[in-house]
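Engineer: Residues or ranges marked as active site, proton acceptor in Swiss-Prot: Asp74. Here Swiss-Prot flags Asp74, Gly75, Asn148, Asp149, Arg176, Asp178, Thr189, Ala190, Tyr191, Ala192, Leu193, Ser194 as NAD(+) binding site.
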Amino acid sequence: MGSTLFKTIALIGKHKNPDIMTPLLNLAEYLTDRGTSVVLDDLTAAHIGKNQYPVVALEEIGRQADLAIVLGGDGTMLNIARTLVPFSVPLIGINQGRLGFLTDLTVDTMYATLNDMLAGQFIVENRMLLTTEVTRHGESVFKELAFNDVVLHRGISSGMIELEVHINGEYVYSLRSDGLIIATPTGSTAYALSSGGPILHPGLNLMILVPVCPHTLSNRPIVIGADAVIEIKIHYTTETKIYTDSHSWFDLGEHDRVLVRRCPETIKLLHPVHHSYYRMLREKLGWSSILQKNSR
């Protein structure tokens, strides 16, 4: 039995994924043997079936747990992070998805790594979020948090959307395109990356605006400070929607205004001491794989 800095640890699994049951229960037993209290969120508990661990609503985890360990992919981490951000509960991610930009650990090696992390050997990284609000005729009609990005997209309509972008009250440009992405450094490796945006190190206090298939090729991605306030005015739309982390969405109408700004709270991620952001990029994006294969 080892020592741990965390007295109560919440375990949260990717819902409706049959592969998480065994590793999650094994992890719960491992933590219990270390003298840690383990709680499960209600959706995870419902998926894995009857067990001896206390079950609480996801919102209650923030009030009860000192740490949350998430088994799943980046989507699971995004959802949990948005819920727990008001409580400053640190997160550790164990990858059960595909790429896993946010989930450092693997199921095969998690125990050796957790031994060190639970004893205090970890790196703390604070990641920014965005708040977005839609106003219509002066009234707020939609408000949500985003860890990755806020996306305005034309949806299934064949026509482009037309909008104006203002930053800190100053007109910047007009845009005719399939959409616009406003991303955090965390979200720079998601939809923004596939749309031609730059990769931002997560330690930077920046945001990026990335047009999606702009009609004018001079509409390029731009990088702005994290303290900027972005206002988007919708001029023409048919079926345009706004998405936050591909999770929540809302139908936009002409003359709606979208405000995007930095959230005052941050997400606290815990990494192993040997964590390297650049090594993670090499592994996830396959950088230099051909050179390594053909090197002499």
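Residue numbers in this text run from 1 along the chain shown.
Glycine is treated like the rest: Cβ placed from N, Cα and C.
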Engineer: What Cα-Cα separation, expressed in whole Å, is found between Thr189 (NAD(+) binding site) and the residue listed as 'active site, proton acceptor'?
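Structural biologist: With distance taken Cα to Cα, the residue listed as 'active site, proton acceptor' is 11 Å from Thr189 (NAD(+) binding site).
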Engineer: Around the Cβ of Tyr191 (NAD(+) binding site), how many other Cβ atoms lie within 10 Å? Please give the count over every shown protein chain.
Structural biologist: 21
Engineer: Out of these binding-site residues, Asn148, Thr189, which one has the fewest other C-beta atoms within 10 Å of its own C-beta?
Structural biologist: Thr189
Engineer: Considering all pairs of residues in Asp74, Gly75, Asn148, Asp149, Arg176, Asp178, Thr189, Ala190, Tyr191, Ala192, Leu193, Ser194, annotated in the record as contacting NAD(+), what is the maximal C-alpha distance expressed in whole angstrom?
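Structural biologist: Comparing all Cα pairs, the maximum is 31 Å.
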